[in-house]
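As structure tokens, the structure follows; a few thoughts come after it.
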């Protein structure tokens, strides 16, 4: 929500949805701690009625978060339509947060919790089939989400910190750029809008004295950045982003995730993500955050 919208008294509604086992309950708990009025598992058909309550000006409903999942499959089909209708109103600002995780991670979480998947409560099918069906059903709502968060590699504390960063930052209403480094060997960054592969650059892994360090350490950072190939790539990348980013903002996107990947996610991608975040902070007035997903995984880059 922008400052102008707050001044005009518009209410804020956040719909939290996504894969079962991806962390919706934890997000709702975090939002409740931050002062949101939270509702868990509201049927989508009741969403317009709840918005009408918000529009009546009740102070306790100024900031609302509603978790909606796929338990009622038939009811869920109307969610995108209901969201479109609410977005056309001028008294409520609606955002959608979509949580997801890799299938193997969701399976692991369900085994730990010993709970049944909502699409497999009778145990009549395999868990992986239920997860795949859910992912297919959720593809449409994912496509309209303002925020897509992959929780595969996030610990509960890290997920809470990310939610806090979104909603406790006084500049939250501005366009946000998240720059992330990752290692392809650990899987691509699932929530990325733009992915850049820097595995063509000289690799510090093969310099024995640099191998134990990461791209945030000065010797590795300087090694990665000193090459002509790196400078040419960085110049071309920033030229492209200077052209693209304002366009994303103009089209109404509130968050852009830029992922930079190398083999292990410890050296080249970390150095480039660090430099890119610094550069974007210098030339734009947007919120720019940087995260190094795999930087502290035991070194094994090739």
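Glycine is treated like the rest: Cβ placed from N, Cα and C.
Going by Swiss-Prot, these are the annotated features:
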- 18, 19, 20, 21, 22, 23, 24, 25: ATP binding site (BINDING)
- 69, 70, 71, 72: GTP binding site (BINDING)
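All features noted in Swiss-Prot, drawn onto the structure.
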{"residue": "18", "record": "ATP binding site", "contacts (Cβ under 8 Å, 6+ apart)": "24, 69, 97, 98, 99, 100, 138, 142, 149"}
{"residue": "19", "record": "ATP binding site", "contacts (Cβ under 8 Å, 6+ apart)": "99, 100, 101, 106, 131, 134, 135, 138"}
{"residue": "20", "record": "ATP binding site", "contacts (Cβ under 8 Å, 6+ apart)": "69, 70, 106, 117, 118, 119, 131, 134"}
{"residue": "21", "record": "ATP binding site", "contacts (Cβ under 8 Å, 6+ apart)": "101, 105, 106, 109, 110, 113, 117"}
{"residue": "22", "record": "ATP binding site", "contacts (Cβ under 8 Å, 6+ apart)": "99, 100, 101, 106, 151"}
{"residue": "23", "record": "ATP binding site", "contacts (Cβ under 8 Å, 6+ apart)": "99, 101, 149, 151, 154, 156, 159"}
{"residue": "25", "record": "ATP binding site", "contacts (Cβ under 8 Å, 6+ apart)": "40, 67"}
{"residue": "71", "record": "GTP binding site", "contacts (Cβ under 8 Å, 6+ apart)": "41, 118"}
Task = Based on DSSP, name the secondary structure state of residue 18 (ATP binding site): helix, strand or coil.
result = strand
Inquiry  = Helix, strand or coil by DSSP: which one applies to residue 25 (ATP binding site)?
reply    = helix
Message = Can you give me the residues near the recorded ATP site, meaning same chain, not 18, 19, 20, 21, 22, 23, 24, 25 themselves, Cβ no more than 8 Å from the center of the site's Cβ atoms?
response = 69, 99, 100, 101, 106, 151
Local Cβ density at residue 70 (GTP binding site) - other Cβ atoms counted within 10 Å = 23
